[in-house]
Amino acid sequence: MSELALRHDWQRDEIEALFALPMNDLLFKAHSIHRQHFDPNEVQISRLLSIKTGACPEDCKYCPQSARYDTGLEKERLIEIEKVLTEARAAKAAGASRFCMGAAWRNPHERDMPYLKDMVSEVKAMGMETCMTLGMLSESQAKDLADAGLDYYNHNLDTSPEYYGDIITTRTYQDRLNTLDNVRAAGMKVCSGGIVGMGEQASDRAGLLQQLANMAKHPESVPINMLVKVAGTPFENLDDLDPLEFVRTIAVARIVMPLSRVRLSAGREKMTDELQAMCFFAGANSIFYGCKLLTTSNPEENEDMTLFKRLGLHPEQGKAGTVEEDKAVFAKAQAVKDKASQPFYDAAAL
């Protein structure tokens, strides 16, 4: 299927009808589409590093990085470039093909742009794809990052337009769409998805996917996060989402965005191997490697490696070796990381 053949005119009731399909029918449809466009046993691996943690002025009710909530998170300033490069080297040694850098900002300050551009160009020189998530971007900031070599920019829509106001009040839905427009205009690829399990209805999950699938060009990467409830945030006591509803969201995302990478993001640590296997079958074909996603836990690398072996999956760039060979790779990566003089956060959910 070419980009021109993709649909960009999905109606809400069409997507809701997909969500309502019997599970076997939905999974068959999603997996069939997945096999048409991807190696069904290949998974793209990214590593995500928090380059500036905490003290965000926004009021996103799910986020422990907001300065408005008492979550016990220690804020950190923008970290040194050498620490970023140390983590990037370790990520590459561990098999990651993309390195993502996230900062807890409403938007980057102009004084930080030269520093951010250096980060991008230095990581890019290692032969890895680069991604950043820094909040809202102006047209000029997007162009500067693109000129530095940034491949992807992440800016999630989070949920449907109708439910959005119950989640965030300090940034509008249109603000988010404007940033994505600036990213596209600068020539970068878009990474945009959302979070499920925030008390939304099934129609809101349909609404989120409708917004993404009806963009002039589908996001190249679509992260689907399961809410990680953090003490101190307004959402710490929400009821858990039925895991099968998460699988349905993955499957429908695959159907309406056939050429996009659908990423399992935050919440994987709480998922059973069986649930993750269902998600991969439903069309998920990207994950974050590493023990932490920003301030939330992520499966240990060895756990992911073992699961890949059990399911017969392999990273995007070449098939995995034996368990012993993979352990040697991860040991080498850890040795590189240990050279860093200070600990720092690994990542944030995209």
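Keep in mind that glycine also has a Cβ here, set from the backbone N, Cα and C atoms.
Residues or ranges marked as [4Fe-4S] cluster binding site by Swiss-Prot: Cys56, Cys60, Cys63. If you look up Swiss-Prot, you'll see Cys100, Cys131, Cys191, Arg263 marked as [2Fe-2S] cluster binding site. As annotated by Swiss-Prot, domain 'Radical SAM core' applies to 41-265, with the evidence given as sequence analysis.
Locations of recorded Swiss-Prot features on the structure.
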residue : record                        : CB count, 10 Å
Cys56   : [4Fe-4S] cluster binding site : 22
Cys60   : [4Fe-4S] cluster binding site : 23
Cys63   : [4Fe-4S] cluster binding site : 27
Cys100  : [2Fe-2S] cluster binding site : 29
Cys131  : [2Fe-2S] cluster binding site : 25
Cys191  : [2Fe-2S] cluster binding site : 29
Arg263  : [2Fe-2S] cluster binding site : 23
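In this structure the alpha carbons, written CA, of Cys63 ([4Fe-4S] cluster binding site) and Arg263 ([2Fe-2S] cluster binding site) are 19 Å apart. Nearest in space to Cys60 ([4Fe-4S] cluster binding site), taking C-alpha to C-alpha distance over the binding-site residues Cys100, Cys191, Arg263, is Cys191. On a Cα basis, Cys56 ([4Fe-4S] cluster binding site) lies 21 Å away from Cys191 ([2Fe-2S] cluster binding site). Separation of the C-alpha atoms of Arg263 ([2Fe-2S] cluster binding site) and Cys56 ([4Fe-4S] cluster binding site): 25 Å, rounded to the nearest whole number.
A coil conformation is recorded for Cys60 ([4Fe-4S] cluster binding site) in the three-state DSSP classification, outside any helix or strand. On the backbone, the CA of Cys131 ([2Fe-2S] cluster binding site) and the CA of Cys56 ([4Fe-4S] cluster binding site) stand 20 Å apart.
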